[in-house]
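A short write-up of the structure that comes next.
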Ligand SMILES: Nc1ncnc2c1ncn2[C@@H]1O[C@H](COP(=O)(O)OP(=O)(O)OP(=O)(O)O)[C@@H](O)[C@H]1O
C-alpha cells in the first residue's frame, strides 16, 4: 500500500500542474480571441488598406505589392491562430488529465538525491520558468523507458547516443478532472490494474488511443525507425491497428518539421473502418494521416474505363456461388491472378509487346476516321525497338498531336465549321473582332478583313472541337489498353508451361467480362500493372510512410504493385494470417511474399501474441478454431463462457436472438452485433429481427460510419472492428462447412469483447469440434 501522504503529495502536484495549465489556457484563449478579431478586421478591410491603382506599370506594381503584403499578413495571423488553437486543444486535455505515468531514473554516475521524476502525458509542458518539463510527451526519447522497462537497470536512445542508468520507480495514474482516481506502482507489464479497467469498459463507436497502456512489444512497432519494411503478425485483438495509429503519432512527433500527416497513408479494409479509427490521432493532438481503401485507389484509377467489381462482391461470389465448372475456373483464376507467377507472365508479355502486338485505337472525329489504328501502329513500331515502350508511346503521342494540328487546318474549310460559325454567340465574334483590331492591317471593311475574321473563327471552332481528341492523345488513350490486356488471355504459349490448369476457361470468363466493360476485382491490379509497364509508372514519391492494415487480405501481386507505385516510402504491414478470408489467400502466405520484396536487412518482423480485445474465456474458446491457437496468450480479464445454442427453426432463431439482445442490453452492453456470413444471410437475419428488435441496423459494404447500438453485419465487414457482444447468427455446418470458411468464422467470433453467443440450425459447424462447451475447471 502506498502511504497516504504520497498520494496527497501527488495530488498536490496534480493541482499545481493543472492550475498552471488553466492559466495558460486563459492566456491562449485571449490571444486566440485577439487573433480572430485581427483576422476578421484584415478580411473586412482588405481592399481599404490596399491602394488600388493600375494606371501605369509603376503604380500597378505597387498595388500588387501592397496586395501581397496584406495577403501575407492575413495568412501569418491565420497560421498563428491555428497553432494557438492546436495548443489550446492539447492544454484542455492536460487540464483534465495531465499525465498517466511517472518514472524515476538515475543516469549512471549521477547521485540518487538529484533524481527528477519524469511525468508522461499526451503532450509536453514546461513550467513557468520555461526551463523544466512538468510533463514529458509520451513520445520523447526518455519516455521510451516507461514502456520498455520495469524498475531496475534500463537504457534509452537519444539522438546523441544511448543513455543508461537505473529506473527506481514506475508509477501509473488514473486522473480524471484533475483528481487522482487511482495510482499504482507497477512491475514488468504496464499496470494490469489499469489495463483491466480500460479493457473492461464498454466499446465505443470510435477507437481509443492506448498511450497510457502501450505494451512493450507494441512499443517496438511504434518506435521502429530503421525498418524499410516492418511486418507485424499479430493475433486477433493484439493491438495491431492500435499500434499502427500510435506509430503514426510517434513518427509525426519524431520527424516534426520534415514529415507531415499528408505524407502518411493508411490503407484500411473498408470505409466504415476509416470512420472507426478517425478520432485516434486528433485525440492525441495530431492531424489524421490520409486514409483510403485499396478499392478506392483502384476505382480512382479505373473508373473511366471499367465498371469495377469490389473485393466484397468477389468474396460474396466465392462464398455463395453454386459450385460448378465456371466457379472452379473463377477461383483458380483468382489464385493465379494474385500470384507472383502472373507478374512474371505479364512482365514477359510486356517485353514482347516492344516487338509486336500492341493494339491501338483509331482517332475518330464526327464519325470519320482521321488517323487509322494501323497508321498509329506503324508509327509506333517505326521507332527504334531498343527504346522503352513508354518512351515510344510518348513519341507517338507527339506525332499524333502534330498530325491533329495539320488535320485541324484541313478541317477549317469544311461545311460543318461554316454551319457552326453561324451559330456562334456574339461574345466570340466580339473577342475575335477586337483581337484582330489590335493587329496591323485590319481596317474593318475590306474583303481581306472579312476573310481573316472567318479564318480566325474557323480556327477557334476546330480547336475547340479537337480539344477532346488532343486530351485523349495526351492521356495515351490511343493505346487500346483493355484489348492489350485481353490479348493476354488467349495467347497460350506451350513452352511457358506454367499456365493454370483451367486456363482456357479462365480466358473465356475474363474476356466475357472485359467485353462488357467490366473488370473482376482480381484483374484490377494486374491490369494497372500492365498499363503502367507500358505507359510508365505513376509513382508517388511524396508519401513517406505507408501503413497497410489487414495485410493478410492483400495478394502478393498487390504488394508488388504497391511497392512499385510507392517506391520511396517505408511500409508498415500489419496482419493476421488466421484472418485471411479472400480466395487468393491460398496462393501462399502473402506476408512471406512481401517479406521477400525487400532486402533482409531492411526488413523487420514483430509478432504479437497477446490478445487484449476479448475476455480470457472468449480468447480461449476462439483459439480452439484455428491451428496454432494455443500460442495466443489471452489477457486475463474474466467474463462469461461463450454459449452455443441449437435451434429448431428459423422463426425460433429470430425469437431467441431477440431475447438475447434484450438481455445483453439490460446488462449494459452498448454495442451488439449479429454477424451473418454473407450479405444475403445478414439481410435475411435483419428482415427476421427488425420486426421484433427495436433500433436495429443493417450494415452493408457502402456503410461509411460505424455506429453504436444493435447491428446486423456480414462477417467480412466486421473485420478490424469490435463489439461488446457478438451473436453469431447461424453457426451451422451448412453455413460454415468448407475448410476455407474457417478463418472467416474465426474472424467473426473474435470481434467480441465481453460476450459471445452462437446459434445454429441443424448440425453445428465442425470448426467447433475442439471448442469447450463450458469453462474448463482448471480456470475457475
Ligand atoms: N496496450 C493496450 N492498452 C489498452 N488497450 C489495448 C492495448 N492494445 C490493444 N488494446 C485494445 O484491444 C482491442 C484490439 O485492438 P486492435 O483493434 O488494435 O487489435 P488488432 O490486432 O488490430 O485486431 P484485429 O486483427 O482482430 O482486428 C482494442 O479495443 C484496443 O483498444
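The backbone N, Cα and C atoms fix where each Cβ goes, glycine too.
Note: TrEMBL annotation is automatic and uncurated.
Cβ environment of residue 234 (ATP binding site): 240, 574, 575, 576, 606, 607, 608, 609 lie under 8 Å away, each six or more residues apart in the same chain. Look at TrEMBL and you will find 234, 235, 236, 237, 238, 239, 240, 241 tagged as ATP binding site.
The domain 'UvrD-like helicase ATP-binding' annotation in TrEMBL covers 213-615.
When the binding-site residues 235, 236 are compared by the number of other C-beta atoms lying within 10 angstroms of their own C-beta, 236 comes out lowest. Ligand 1 lies under 6 Å from the Cβ of the following binding-site residues, listed in sequence order from 235, 239, 240: 239, 240. Residues within less than 8 Å, Cβ to Cβ, of residue 238 (ATP binding site) and separated from it by at least 6 positions along the same chain comprise 576, 608, 609, 610, 611, 612. Applying an 8 A CB threshold to same-chain residues 6+ apart, the list for residue 239 (ATP binding site) reads 210, 215, 218, 608, 612. Just so you know, the Cβ of residue 237 (ATP binding site) picks up 27 other Cβ atoms within 10 Å once every protein chain is counted. The C-beta environment of residue 241 (ATP binding site), restricted to residues of the same chain at least 6 apart in sequence and closer than 8 Å, consists of 207, 277, 549, 574, 720.
As a whole-number mean, the pLDDT of the domain 'UvrD-like helicase ATP-binding' (213-615) in this prediction is 89. The DSSP secondary structure for residue 239 (ATP binding site) is coil.
Other than the site residues 234, 235, 236, 237, 238, 239, 240, 241, same-chain residues with C-beta atoms no more than 8 angstroms from the centre of those residues' C-beta atoms, the ATP site, are 242, 576, 608, 611, 612, 613.
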